[in-house]
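Only one structure is covered here, and it is reproduced in the block below.
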Amino acid sequence: MSDRPVPRRESPWGRPEGDDRQPKPHRCNDRAEDVIQACFEGNPFKTVPGPFKLFWHCMRSKPGEEPTEPFYYLEIDPPKVEVKLE
């Protein structure tokens, strides 16, 4: 998951006092963007299956177990496996 900011829309009703929560992107958001970019990179029948397979694997995985393969079309670093030392 990247650390890019998530745009926030203001509600016409405002926010309750003390509510300072910020939106967070879904852990597979970058994989979804890679699939969308693949749709515009030539023949979608050839460009979409690879990114979609990684997106599907990400959606079906548990948090922290997302695929670490590089993106096909996005020019950002893939997620890294975090090793917990105990």
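Glycine too: its Cβ is placed from the backbone N, Cα and C atoms.
Copied over from TrEMBL, here are the features:
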REGION    1-29  region 'Disordered'
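Here the region 'Disordered' (1-29) has Cβ contacts under 8 Å with residues 55, 58-59, 63, 66, 76, 79 of the same chain, all six or more residues outside its ends.
Across the region 'Disordered' (1-29), the DSSP tally of helix, strand and coil residues reads 1 helix, 0 strand, 28 coil.
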